[in-house]
Structures are given as structure tokens and as C-alpha cells.
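Notes to accompany the following structure.
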Amino acid sequence: MALSKLNHLYMAVVADHSKRPHHHGQLDGVEAVQLNNPTCGDVISLTVKFDEDKIEDIAFAGNGCTISTASSSMMTDAVIGKSKEEALALADIFSEMVQGQENPAQKELGEAELLAGVAKFPQRIKCSTLAWNALKEAIKRSANAQHLTDQNVKEGKNV
């Protein structure tokens with residue numbers, strides 16, 4: 001009986017994130033990372049505002065299934081205020097978790113840990129990881145842009 005109530009609570013939290021997602025929308029003045037899941041049609045546009053190494057603000061828009069939208073919402077809650085390195089570590093922990101690998105650090109995912117059950121549904125793994133993959137791409141692009149800026153400064157070019 002207790003397990004049934006716990007599962008119901010988990011499902012309610014996931015449904016709430018899907019129906020009323022946190023950090024939904026687009027941020028002005030930052031490049032959007034757009035990814036899609038051709039298997040089911042989920043599409044995400046992720047915008048991230050960095051303050052040097054920290055994620056200052058983050059938002060997502062797009063169309064997706066319940067799992068994709070809830071995961072996107074939970075991801076934004078988990079990574080805001082984190083360093084790029086911390087956010088990448090969380091993305092890796094999440095990816096491993098939804099593939100069935102247990103990790104004590106899963107607790108750091110916050111409510112996103114509730115999506116561990118996705119591992120039982122392999123066809124939904126891509127739905128759950130779409131936003132996390134977009135986050136990895138945004139961090140990669142940010143690092144590349146910073147490298148180019150640093151290189152131009154080193155070479156004495158105007159940026």
C-alpha cells in the first residue's frame with residue numbers, strides 16, 4: 001500500500017512538471033540550442049545565460065511528451081546556479097540513471113531523480129534525456145565561444 005502511494009506521488013510530481021513546467025520560455029540575448037527526438041517528435045529549444053562559469057538563468061520551449069517536458073522542467077531546476085562542470089556531472093548522472101545504473105549522487109538531481117523509472121521503458125530514454133543533451137550542447141558552445149574570445153584577445157584582435 002505504501003509503495004502504491006509513493007508511486008502515485010511520483011507520478012503526480014512528474015505530471016505537475018509537465019503541465020506547469022518551470023523555467024518555460026526563451027531568454028533574450030542568448031543563442032538557443034535546438035534538439036529533437038525523431039523517434040517521437042519531441043522538440044526542445046534551450047537558452048542558457050552564463051555568468052562566467054555559472055548558469056545564471058535557463059529556459060526551455062518546445063513540444064514534447066509528458067516525460068520530455070517534465071524532465072526539461074526538472075533539469076532547469078537542478079542546474080540553475082550550478083557551475084558548468086557541476087551541470088555536466090548532473091547530466092551524466094541523469095543519463096546513467098535512466099539507463100538503469102544506480103549512483104549515490106542521484107540525490108543531487110533533485111526531483112529529476114523521480115525519473116529513474118524511465119529505465120524500465122527503453123523507448124522513453126531519449127525523451128527523458130533530450131533536455132539534458134541540449135544542456136551539454138549549450139555548455140559546449142559556451143566553452144567554444146569563450147575559447148575563441150580568449151584566442152582573439154591573445155592575438156590582439158578586437159572582439
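Keep in mind that glycine also has a Cβ here, set from the backbone N, Cα and C atoms.
Here is what Swiss-Prot records for this protein:
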BINDING   CYS40, ASP42, CYS65, CYS127  Zn(2+) binding site
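Here the binding-site residues are CYS65, CYS127, and the one whose Cβ sees the fewest other Cβ atoms within 10 Å is CYS65. Sitting within 8 Å of the Cβ centre of CYS40, ASP42, CYS65, CYS127, and not among those site residues for Zn(2+), are the Cβ atoms of ASN37, THR39, GLY41, GLY64, ILE67, SER68, ARG124, LYS126, LEU130.
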